[in-house]
There are 2 protein chains.
Amino acid sequence: MEYRKIKDDEDIIDRDVEVADADKSFLVSVSSSSDGETKLDTHRTKAQWKRKSVVTFALTVLTSSQAILIVWSKRAGKYEYSVTTANFLVETLKCAISLVALARAWMTEGVTENNRLTTTLDEVIVYPIPAALYLVKNLLQYYIFAYVDAPGYQILKNFNIISTGVLYRIILKKKLSEIQWAAFVLLTAGCTTAQLNSKSSTNTNTFVYECKAQGFKRLKNPNILTVTVPRKFRSCSSNSRSRLGDGNRELLTFVVMALLSGFAGVYTEAIIKKRPARNINVQNFWLYIFGMGFNVVAILVQDFDAVMNKGFFHGYSFITFLMIFNHALSGIAVSMVMKYADNIVKVYSTSVAMLLTAVVSVFLFGFHLSLAFFLGTIVVSVSIYLHSAGKMQR
Amino acid sequence: MEYRKIKDDEDIIDRDVEVADADKSFLVSVSSSSDGETKLDTHRTKAQWKRKSVVTFALTVLTSSQAILIVWSKRAGKYEYSVTTANFLVETLKCAISLVALARAWMTEGVTENNRLTTTLDEVIVYPIPAALYLVKNLLQYYIFAYVDAPGYQILKNFNIISTGVLYRIILKKKLSEIQWAAFVLLTAGCTTAQLNSKSSTNTNTFVYECKAQGFKRLKNPNILTVTVPRKFRSCSSNSRSRLGDGNRELLTFVVMALLSGFAGVYTEAIIKKRPARNINVQNFWLYIFGMGFNVVAILVQDFDAVMNKGFFHGYSFITFLMIFNHALSGIAVSMVMKYADNIVKVYSTSVAMLLTAVVSVFLFGFHLSLAFFLGTIVVSVSIYLHSAGKMQR
């Protein structure tokens, strides 16, 4: 059943690729004809809106199911595989999916300037930068986890929302209306409120999002695994406060991490949007090929002995493959959102995914939702409404 | 120091009465001259805005200091006075202040159609209705406290915000823009979030607002006094949920109470605004004279023996008189806000007062503020911004 769900998501991505292609051939027909331009514009706006909605929906569902798969795999007690090999497979799968989509484009359109795989140094030089930024951020994460535990980390991580907004404004020079800024502040406050937990059952909930947020790259990190242990604390608020009060250096590190994370996202959007006519699958291919490279290095440094002695696929289970599939599709969905929407939409999408995960967990794992979660959800919902209402009056 | 504060507030009210008078004589000059109307309009709008701001500020400060005085008096351990006699004195003081303000108006303007104290049955017949509604609500409150304890009550009481908004729309037929409705939902969510408490110190905080909300009419109510006892519970959320789940009849009672409370407020505004030119002090006089009447009945029914045996002022202390002064001024400020602003402004004002009380309590009583309080304050602040931003685009 879970597998079929992922199949469906894959279909959504495929369908989206088709929509993207249809839209492109449509663009060609617009340039060749000159009458009825307003009608064509309306049609194009509608197609763009539809495509944007589909990729955003796909990202939300994939991000949410990603968190659920992680909890499921933890319950099943399977973590014996090498995380670096799994990450490598995710990047490889993303590359493969991009190539398949490209092959289809070549068959229908032929090889054009925009969908050819070969590239210039000028185009490709910027692609390793996001991967490098994420690497620095992950290194800092190891440092911060010595001082801040997971629930505190989770609360602070919501600053990423604000940093993304600020960097989006500064780097991409796109304006948000005052109402949209207000909505962004509300999104941050709402997400944090939804994560205020007072009972053990909802601590598990915090943990879900925590894992999701970091991807399953960090499943083996002992700092993450301890999250389920200290169920005794009463609320995140008192805990995080005391923890954060310990040192300004840690808070500074956190600000740097939030900025790095936001910057990596906004930079990826800048790279992808710099060449709007370029086929997204080519852009993805080059993004992911560097991801593969980074993960080869990670395997050699971290898990070389394990892979040599126990084999590449040691410890893999059915659910491990499901997670790899899910991560690959989520990664592609993120790129699609960067191409056809923006980082703001991505932030909203992952926030909604966090709430969705908690609701689904009620049915799947018997989690309980707190009043704080309910209030946070209301605030996030109003924030989404205001974001679109603010767009109109911009 | 506290006394001087109240003196200052009284000055604000006096100053406001002067502004109101100045504005009225100004209105006369407008009707006699016909040139430069736009400039005069601007001046009048500015004067109205100033008056509205002053009364709103006064209400916020008075409501906040009211809650602080109650905690202070509880700490001093003085509750031996008869609550009904104190309420009677509050109403009497409000009547007296209204008469003093009226006497000043008569001296400057002479007795006019709008400031004469005599009235018609048609005008006066509606004045006992708000008092009667509050009486029914207070009776229901005794019933509900058998089922819901104070923190749960406090959480549910935020529905008053929504009921006020809905009744304001229906009865007074005033429109709120979509953004303003969103702001109202946020105000409710933000206030509730700010009241989510997980520590004993902040439970006292809940108690402060609880007392404030009900006025000190209920200081002797054992249900209220128990609030400080069960400090052991971990969070309002889990408590209120289990309590609320017990019966739909209690929830229905609560909805009725929220509607009654909202209706009483909106109805008072309707009465006061029905005759916009009528002097507010005359309107207050008639509102308060019925309040005095109701409280005489309450003394006879509830505290007749105590008053006869121990005397009217038995158990009064300096702080009791301070509280009576404060309540009288707050009551007048509410009427002024109804006259010169509206119920929406009143709701925002008392919500801000709740937050202000908590912040001041940090310094006065060493309370601690939770992360939930901080998040709730952010949401309430954004709500206030959106309320005014939404006004412009209406």
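Heads up, the Cβ atoms here are built off N, Cα and C, so glycines get one too.
When the ranges B:54-73, B:134-153 are checked against TrEMBL, the one recorded as transmembrane segment is B:54-73. Ranked by the number of CB pairs under 8 Å to the transmembrane segment (B:54-73), the listed stretches B:85-107, B:179-196, B:347-365, B:371-388 are led by B:347-365.
At the 8 Å Cβ cutoff, the transmembrane segment (B:85-107) and the transmembrane segment (B:284-301) share at least 3 close pairs (sequence separation 6 or more) and count as touching.
Between the transmembrane segment (B:371-388) and the transmembrane segment (B:179-196) there are 3 or more Cβ pairs closer than 8 Å, counting only residues 6 or more apart in sequence, so the two stretches are in contact.
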